[in-house]
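What follows is a short report on a single structure.
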Amino acid sequence: MADTLDLFQDEIGYRFGGAGLLELALTHASHGDGRARSQSNERLEFLGDRVLGLLAAERLYEAFGEMDEGGLAHRLNAIVNKDACARAAERCNLGAALRLSPAEERLGGREKPSILADACEAVIGALYLDGGLEAARDFFERYWGEDLDGLLRRPKDPKSRLQEWAAQRGLGTPAYETVGRKGPDHRPVFTVSVSLPGAGEATGEGASKQDAQRAAAAALLEKEHVDER
């Protein structure tokens with residue numbers, strides 16, 4: 001186990017003051033056949049979840065200075081959900097360092113997204129206790145980097161771009177309405193109107209209502225010259 005802990009610490013670029021805290025963070029509840037759940041990573045996971053939420057909220061608050069609470073909350077969930085945590089765990093090869101029961105090992109526990117996500121949060125909790133918020137922040141910035149980059153770049157979907165632009169200017173939420181349908185049943189064409197107080201209206205067409213909504217959003221963005229700013 002010592003070699004495994006050393007390799008993991010080399011990977012994350014942080015050395016713990018003692019092995020006990022990291023070992024606990026990597027211990028799944030199944031280890032020891034689940035007889036001593038107090039010696040699993042569940043409590044550290046609880047702490048790490050809260051630390052992760054703080055780090056993500058801080059990052060978003062700094063990056064989106066004009067966005068309202070609703071827009072920030074939407075992006076926060078994308079950063080702290082279990083899928084994002086599992087991806088971060090895979091990036092730092094956390095699965096190789098897990099302590100599992102033989103039964104869970106046979107079931108592929110080292111690759112289970114739920115186990116990886118929980119352990120990743122536990123590692124954040126351990127880093128916070130051992131090295132403070134800066135240690136946890138360094139880990140967060142390194143292994144959530146790809147997800148953060150995707151969120152901080154302008155989203156490609158016109159509906160998302162329109163919603164962000166509206167939120168930044170306090171214009172409310174775009175309202176979409178299906179105003180027409182034409183063509184045969186096997187090949188319909190929908191017409192959707194989008195309206196936004198303070199920005200007017202626009203329409204778009206598409207083979208589905210979703211496509212028509214995106215076309216309408218793109219038309220309103222073009223009308224407001226959003227992509228030219």
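Residue 1 is the first one shown; counting continues down the chain.
The backbone N, Cα and C atoms fix where each Cβ goes, and this holds for glycine too.
Automatic, uncurated: that is what TrEMBL annotation is.
According to DSSP, the domain 'RNase III' (5-132) comprises 98 helix, 2 strand, 28 coil. Here TrEMBL flags 5-132 as domain 'RNase III'.
Counting every protein chain shown, 27 other Cβ atoms lie within 10 Å of the Cβ of GLU121 (Mg(2+) binding site). Per TrEMBL, the feature Mg(2+) binding site maps to GLU45, ASP118, GLU121.
For ASP49 (among others), the entry in TrEMBL reads active site. Every protein chain shown contributes to the tally, and the Cβ of ASP49 (active site) ends up with 17 other Cβ atoms within 10 Å.
Taken from TrEMBL, the feature active site applies to GLU121 (among others).
Residues annotated as domain 'DRBM' in TrEMBL: 157-226. Averaged over the domain 'DRBM' (157-226), the predicted model has a pLDDT of 90.
Sequence annotations record features per position, and here TrEMBL assigns region 'Disordered' to 195-229. As a summary of secondary structure, the region 'Disordered' (195-229) carries 18 helix, 9 strand, 8 coil according to DSSP.
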Lowest local Cβ density among GLU45, ASP118, which the record lists as binding-site residues, within 10 Å:
GLU45
May I have the list of same-chain residues other than GLU45, ASP118, GLU121 whose Cβ is within 8 Å of the Cβ centroid of the recorded Mg(2+) site, in sequence order?
ASN41, GLU42, LEU44, PHE46, GLY48, ASP49, CYS85, ALA117, ALA119, CYS120, ALA122, GLY125
Long-range neighbours of the region 'Disordered' (195-229), counting only residues six or more past its ends (CB under 8 A):
157-159, 161-162, 165-166, 169, 171-172, 174-179, 187-189
